[in-house]
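I have placed the structure first, in the form of structure tokens, so that the comments after it can refer back to it.
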């Protein structure tokens, strides 16, 4: 795995001998159009197109010249010599007029220079990552900031871009590195009986790391919700009020509503926000045995959406049944649902049945009584959806996260708990080094893979030497232990 990452990074770095150019503003007509150039030839581009190299980090108003010296446009040129630039390379930015023809002419002019090519999508951020200007979480945050669909998502993406998520993870890694030092000492010097478990300090440090990791996981779950949202599918029999509920949640007439059963035959999607939490609401065709081919296809698509949902709103026409347990309302429907898929039973038409609006629990399922037509009780459902996903609107200073981040953090928490249990379980008898040697050996093997950006080299060895000699002065005289 380590060799793969190193080979991949080497291959990408070698491909960065090219100088790249791309339009930094959206395509189409606009007041300003920006071209950005990065690489070894950016200096040559400045000399050819501008006739000089601008003063670093100053705005120069200059003509942009064609091959024959005639002016293509005039605008502002900004020069950022590497490594103090976004990509870590020499970067030239040309800000001209935003007409597509003008920008195309200027782009073609720059591409006439040898060694300059069009950038691949995301290549500027990729180069910033490979040149250690950004880590992967920060590079991903750029796209998240651009795609943010709410103010809270934008603020969290900016926090990630500024390194908030990375700083939290690096703090955890550094704490674990200090713990690893003691493990290394116990492995390398087993005859010295270096027992670092008996005084309880390691257990206390490990408890602190676990608590910090739990806090990061909580924020990461919030960040994942902000970025990806929750997919909620409205399902049920025809004419239960599914489309009316979609309209009520969306706050607009997104779906056609009639008294004719089977009006909705395809999947309808609405993207909404509940106190900053993005929600993907899916309205589906009424589920029944259909003879019509178009309706049958719509029902198949409904089941496909249900299988991919984070939660299902089981819509029930309150005028047709008094049952509240989903297994009693429609057992065949419940039996076909994916295992462990959360269900909220929504008893609709409370304005007709006279049922008391609100939420309750029935056999482990949430039950909401409302009227989709009048909107009464819909706010209760909104609040229920927010709470069911554990979304906290008051969390400050958050960051965005992806599902793979959540998985990695969960695995880290599992291993830490296992390590803590093993340490406590093996407190009696034998040296600490012998008790934790297998886990420490695996930690050494995985170190490059887990922490590739800062490999275990001289910095770690120096830290190891300092910590061992501080904690165990006699170790200074041990054979083989020398200051790196």
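Each residue, glycine too, has its Cβ placed from N, Cα and C.
In sequence order, 241, 317, 318, 319, 371, 372, 373 are the residues of the chain that are 6 or more apart from residue 349 (GTP binding site) and have a CB within less than 8 Å of its CB. Sequence annotations record features per position, and here TrEMBL assigns GTP binding site to 239-244, 258-264, 283-286, 348-351, 371-373.
Annotated K(+) binding site per TrEMBL: 239, 258, 260, 263, in sequence order. The Cβ of residue 260 (K(+) binding site) lies under 8 Å from the Cβ of 239, each of these being in the same chain and 6 or more residues away along the sequence.
The Cβ neighbour count for residue 264 (GTP binding site), using a 10 Å radius over every protein chain in view, is 24. The Mg(2+) binding site annotation in TrEMBL covers 243, 264.
As annotated by TrEMBL, domain 'TrmE-type G' applies to 229-390.
If you count neighbouring Cβ atoms within 10 Å for each of the binding-site residues 261, 285, the highest count belongs to 285. Every protein chain considered, the tally of other Cβ atoms within 10 Å of the Cβ of residue 263 (K(+) binding site) stands at 16. In the three-state DSSP assignment, the secondary structure recorded for residue 243 (Mg(2+) binding site) is helix.
Neighbours of residue 242 (GTP binding site), defined as other CB atoms within 10 A of its CB across all chains, total 31. Recorded residues residue 285 (GTP binding site) and residue 263 (K(+) binding site) have their alpha carbons 8 Å apart, per Cα-Cα distance.
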